[in-house]
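Here's what TrEMBL has on this protein:
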type	residues	note
ACT_SITE	HIS223	active site, proton donor
BINDING	HIS227, HIS263, ASP264, ASP370	Zn(2+) 1 binding site
BINDING	ASP264	Zn(2+) 2 binding site
DOMAIN	147-395	domain 'PDEase'
REGION	426-449	region 'Disordered'
Amino acid sequence: QVVFSRFCSPCDIKELFCTATGLSRNTSISLLDSTGAMVSIDPTMPNNSERLPYKVVPVIGGQLADKEELFQNVLTQVAEQFSRAFKINELKTEVTNRLAMLEKRVELEGMKVVEIEKCRSDIKKLREEMASRNNSSFMEDNKKLTPRRDVPSYPKYMLSPQTIDALRKPAFDVWLWESNEMLSCLEHMYHDLGLVKDFNMNPITLKRWLLCIHDNYRNNPFHNFRHCFCVTQMMYSMIYLCSLQEKFTQVDILILMTAAVCHDLDHPGYNNTYQINARTELAVRYNDISPLENHHCAVAFQIFSQPDCNIFGNMDPEAFKQIRQGTITLILATDMARHGEILESFKQKVDNFDYANEEHLKMVLIKCCDISNEVRPMEVAEPWVDCLLEEYFMQLFPQIEEVMVQPLRESRDRYEELKQIDDAMNEVQKKKRGNSSGGGQPRGTSERLTSESKAFFRELLNHVQLSYEPLVLFLLGFVKYKDHTGCKALHPFYSKIKFYFKKNRG
C-alpha cells in the first residue's frame, strides 16, 4: 500500500511505487488500472481498492539475454498453434479487409477537407493579389512570423476525475505538470467548455495549434508557457466559479480563453519600458504604443494564418472578424500602462453594473487572470516571485553595465597602464641608486603615480555616487553572477580594487 500527500511531486510518487514493489528507485515504470489503461502518476490520481488494484509495470527496453533465440523459437511455435486452433489467419484477413474499407473512407473524407482548404487558400491569395494591385504603394513584411516547426501530435493523457475537478479551482498547482500534460489540460478545457463542438473545430487542428503556441513561448524565467497555462487555467476556473457561460455567449467564452492562451506569445523577457527606452525594433514598429502586446497579437494571428493551425477555419468571415477584434482588445488590455485607466473606468461602472457592458468586464477578467498568482496558495504563488525577480535582474543588467560597469572597465585599463609605468620607473630608480653614491632624491615617480591612481578611484566613486562599502558589495554581486551575465572582464579588477579598499578604508 502506498500513501502520499497531495503536495508530493510525480517523481516522489514514482519512487514510492518502486520502493513498494521492490524495484530500484530509478526504474522507469508504468501504472495500469484494472482495465489495462495507463494512469497518469500525479497527486490527483484516483484512489484504487483491493477489488480494483493498480498494476506497476517496469519499462525495460531492448534487454534480451543469451536465450533470445530460444524464446523466439518457442514464441513462433506457440503462435503457429494458436493460429491453427483459432483460425487467426482468417480473422486477420477479415480485419484487414475492414480496415482497408475504413481507410478508404477516411482518405476520401480527408481529400474533401484538403480540397476545401486548398480552395480557401486560393481564394485568400486571389484577394491579396487584387488588393495589392489596387494599392499604389504598400509595404512587404519580410519577417512574417510562422510556426517554428510542424510538430507531431503530443501523447493524450487520461485526466482523472480528481484532476478535472481540481482544474476548475484557483488552488490548482501548476508546478506539478510537464509541458505535454499542460497541453492535454488546455485541450480538455476547450472540449469541456463546448467550444470544439459549438464552433466545429477540427480536434487535430486544435492539437497542432496548441503545440505551435507552446513553441512560440520563449524560455524566459517568468513569461513562459507555464505562465500562459497558469493564466488560462485561472480564466477557465473563473468561467466555472462565476457561471460566466450563463452571462456570456459562447463567442465571448472563446475570446476569453483564446486571449488568455495567446496573451504573452513570443515575449522577449524585456518589458515595454525597456523596449521604448532602448528603441528596439518592436518599439519602433509600434510607435511606442504597447509594443509587446501588439507583438503578441501579431504572432497569434500569424499562427492562425496557417491552415494547419487555424482553429477558426470553419467559421464565417463575420464571426472570425468579431473573434479577432475581441481577442486583440483583451490582449492589449494586459499592458500595465493601461492598468489605472481600465481600473478607474471599472470603478465608475461597478455600482450600476450591467452585463450588457461585456467588453469592459472581459478586459477586467483577463487582467485579473494575468496577475492571479497572488490569490493562489502560498506554495503555488511564491515560486513565481523568484521567477519574476530573475527576469527583472536580467533586464536590469544591460542598464547597469552601461552606467556603472563601463567606467569600471575604463578605470581598470588606466590603472593597469599606470601600474606598468610605475614598475618600469621603479626599475630605473633601482639602477640609478646602484650607480649613485647617495643623496636626496626628489619626490619619486612611484609616489606620484600612486597618488594619481588613487585620484582615479576617487573620480570613479564620484561618478557612480557610491561609498566604498556598497561598491565592494556591488562588485561582489557581479563576481557571483559573472557566469550568468557575461561580466567576466570585471573579475581580474575585483581583487585589486578590494585590496585598495582594505588598505585605504579610512
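Just so it is clear, glycine is given a Cβ too, placed from its N, Cα and C backbone atoms.
Highest local Cβ density among the binding-site residues ASP264, ASP370 belongs to ASP264, counted as other Cβ atoms within 10 Å over all protein chains shown.
Considering only the binding-site residues HIS263, ASP264, ASP370, the residue listed as 'active site, proton donor' has ASP264 as its nearest partner by CA-CA distance. In sequence order, CYS228, VAL231, HIS296, LEU330, ILE331, THR334, ILE366, ASP370 constitute the residues six or more apart from HIS263 (Zn(2+) 1 binding site) in its chain with CB-CB distances below 8 Å. The Cβ of HIS227 (Zn(2+) 1 binding site) lies under 8 Å from the Cβ of ASP264, TRP384, each on the same chain and at least six residues away in sequence. Same-chain residues that are not part of HIS227, HIS263, ASP264, ASP370 yet have a Cβ within 8 Å of the Cβ center of the Zn(2+) 1 site turn out to be HIS223, CYS228, VAL231, ALA260, HIS267, THR334. The Cβ neighbour count for the residue listed as 'active site, proton donor', using a 10 Å radius and every protein chain shown, is 25.
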